[in-house]
Amino acid sequence: MGAVRIAPGLALLLCCPVLSSAYALVDADDVMTKEEQIFLLHRAQAQCQKRLKEVLQRPADIMESDKGWASASTSGKPKKEKASGKLYPESEEDKEVPTGSRHRGRPCLPEWDHILCWPLGAPGEVVAVPCPDYIYDFNHKGHAYRRCDRNGSWELVPGHNRTWANYSECVKFLTNETREREVFDRLGMIYTVGYSVSLASLTVAVLILAYFRRLHCTRNYIHMHLFLSFMLRAVSIFVKDAVLYSGATLDEAERLTEEELRAIAQAPPPPTAAAGYAGCRVAVTFFLYFLATNYYWILVEGLYLHSLIFMAFFSEKKYLWGFTVFGWGLPAVFVAVWVSVRATLANTGCWDLSSGNKKWIIQVPILASIVLNFILFINIVRVLATKLRETNAGRCDTRQQYRKLLKSTLVLMPLFGVHYIVFMATPYTEVSGTLWQVQMHYEMLFNSFQGFFVAIIYCFCNGEVQAEIKKSWSRWTLALDFKRKARSGSSSYSYGPMVSHTSVTNVGPRAGLGLPLSPRLLPAAAATTTATTNGHPPIPGHTKPGAPTLPATPPATAAPKDDGFLNGSCSGLDEEASAPERPPALLQEEWETVM
């Protein structure tokens with residue numbers, strides 16, 4: 001009878017086509033969902049069954065051999081390793097068979113066991129097949145093992161009517177994941193708290209900038225658009241998580257045991273109708289859109305500041321419309337292109353799996369915005385350092401200049417999203433171990449809390465915002481004081497000075513600051529004239545001719561002409577932006593507001 005020698009690579013003969021085709025669909029830097037895993041399993045099963053028909057149609061491949069199967073082992077393992085007895089101990093039946101005749105007989109037929117394709121097995125040998133790449137959570141460096149007995153049948157589990165197989169190397173990530181689960185739980189808590197805090201703080205910041213009319217200017221309008229993009233990004237993340245993982249925990253959605261994989265493979269294929277995935281696809285689409293708009297409004301902030309510094313003729317109101325279209329419209333274009341391509345060429349699952357190179361339709365524009373914004377940041381810091389050296393020459397030491405430069409740079413970093421550049425060239429799937437944990441904690445922390453940092457620096461710590469809040473608070477407390485004293489009837493009021501038993505409060509330019517003027521704090525002549533007139537209290541609303549009056553704002557404490565871009569002053573900024581040239585002194589004032 002003819003003999004057929006199994007080539008060393010025959011163990012992968014049936015599986016390689018399945019692995020290569022499935023690998024084209026599974027993207028290495030995405031998270032596998034349960035629906036996508038089911039799809040890949042059914043696809044692998046169909047391709048395996050096709051290969052089985054081709055192999056079984058060649059009877060010469062499965063004929064009995066008179067010369068034996070001495071070199072037919074497909075395990076790829078040395079015999080001394082198989083004799084260890086840890087993974088695949090020899091049966092008593094095999095021990096009784098002489099070594100020279102162990103491989104004589106009919107081989108075990110190839111088959112699909114609902115997880116992977118098993119090739120022809122040499123009788124009396126253990127067959128090892130690499131763990132399939134199309135099962136996302138498997139250890140792809142391990143092997144699965146089966147034993148082919150001398151009768152040409154796959155060995156059964158004692159006491160059970162099922163084939164024995166050892167998947168322990170493949171599922172080691174599934175059986176020992178306590179520490180990994182702790183890491184993922186901690187990362188989930190970080191980004192949940194971070195986006196929640198950012199959403200709350202940004203909501204307050206937008207309400208403040210929208211409420212006070214004195215804060216309405218081009219720069220603050222751009223800030224409000226940026227704040228809104230951060231808010232929508234946080235909301236879209238929460239909605240996406242709720243939709244994708246509704247009805248199942250993260251464990252159930254992404255972690256499948258060996259028995260669950262078998263049950264899934266035996267079930268009918270998942271429905272391919274788009275209506276079944278409409279909700280999650282809409283959630284994923286809006287998440288990608290708001291993610292892209294957030295990156296592009298960060299770029300708009302950089303372009304605006306760069307234009308103020310380097311463009312002599314810059315109409316802020318005119319460019320605001322262009323910035324608005326750029327920030328909200330351009331991301332809509334490439335996200336719409338991605339949706340069209342995905343719906344046409346890879347309309348599977350919830351679209352949260354990128355399906356190969358189609359992800360670059362969205363990722364390339366986002367990466368381009370990050371790189372461009374980083375270039376703008378470097379150029380602006382260079383100009384800032386030059387102005388600091390020119391302005392402070394001879395007035396402060398070098399260490400003080402460096403401290404000012406460092407402070408200004410740190411203030412600009414959240415606005416420009418500089419932290420994105422750190423791990424931009426290192427996808428998280430290309431690293432492992434401690435470096436992977438460092439990268440993930442870094443990105444989750446800064447990405448989720450970036451909105452909070454931006455709201456703190458550019459709204460809550462803004463000098464003009466604080467002044468407007470103080471004025472509003474003073475007016476509110478003053479109105480309450482009016483009502484309280486009016487009900488008590490202890491004083492009379494008019495549009496002149498307010499007269500009380502202890503002080504005189506001028507309802508004038510300084511009233512907005514809520515500063516009561518005590519006679520003890522006034523000059524002697526002013527205190528005498530203001531407090532009494534010929535020993536009598538002054539008449540409300542009456543001012544004696546020639547009486548000395550306090551200036552509205554002391555010259556020594558006069559506010560600077562322009563509080564600057566970074567400090568948030570809107571006064572005079574729009575008018576001065578259209579000037580032919582921006583004076584160097586004014587530019588320096590804009591930068592020194594952060595020092």
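Don't overthink the numbers, they just go from 1 along the chain as shown.
For all residues, glycine too, the Cβ spot is worked out from N, Cα and C.
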Per Swiss-Prot, Thr293 and Arg389 on one membrane face: no
In Swiss-Prot, the member of Asn161, Asn567 to which N-linked glycosylation site is assigned: Asn161
Disulfide-linked residue for Cys117, taking Swiss-Prot as the record, within Cys48, Cys131, Cys148, Cys170: Cys48
Bond partner of Cys148 - disulfide, per Swiss-Prot - picked from Cys108, Cys170, Cys217: Cys108
Composition by DSSP (helix, strand, coil) of residues within the topological domain 'Extracellular' (340-360): 11 helix, 0 strand, 10 coil
Nearest-integer angstrom distance between the alpha carbons (Cα) of Cys148 (disulfide bond) and Asn161 (N-linked glycosylation site): 16
Confidence summary (mean pLDDT) of the topological domain 'Cytoplasmic' (382-404): 73
Among Asn151, Asn161, Asn166, the most crowded of the glycosylation sites [Cβ within 10 Å]: Asn166
Nearest of the disulfide-bonded residues (Cys108, Cys117, Cys170) to Asn161 (N-linked glycosylation site), judged by Cα-Cα distance: Cys108
Closest of Cys48, Cys108, Cys117, Asn151 to Cys170 (disulfide bond), Cα positions, recorded positions only: Cys117
Range from 189-209, 361-381, 405-425, 440-460 with the greatest count of C-beta pairs under 8 A to the transmembrane segment (295-315): 361-381
By Cα-Cα distance, the member of recorded positions Cys108, Cys131, Asn151, Asn166 nearest Cys117 (disulfide bond): Cys131
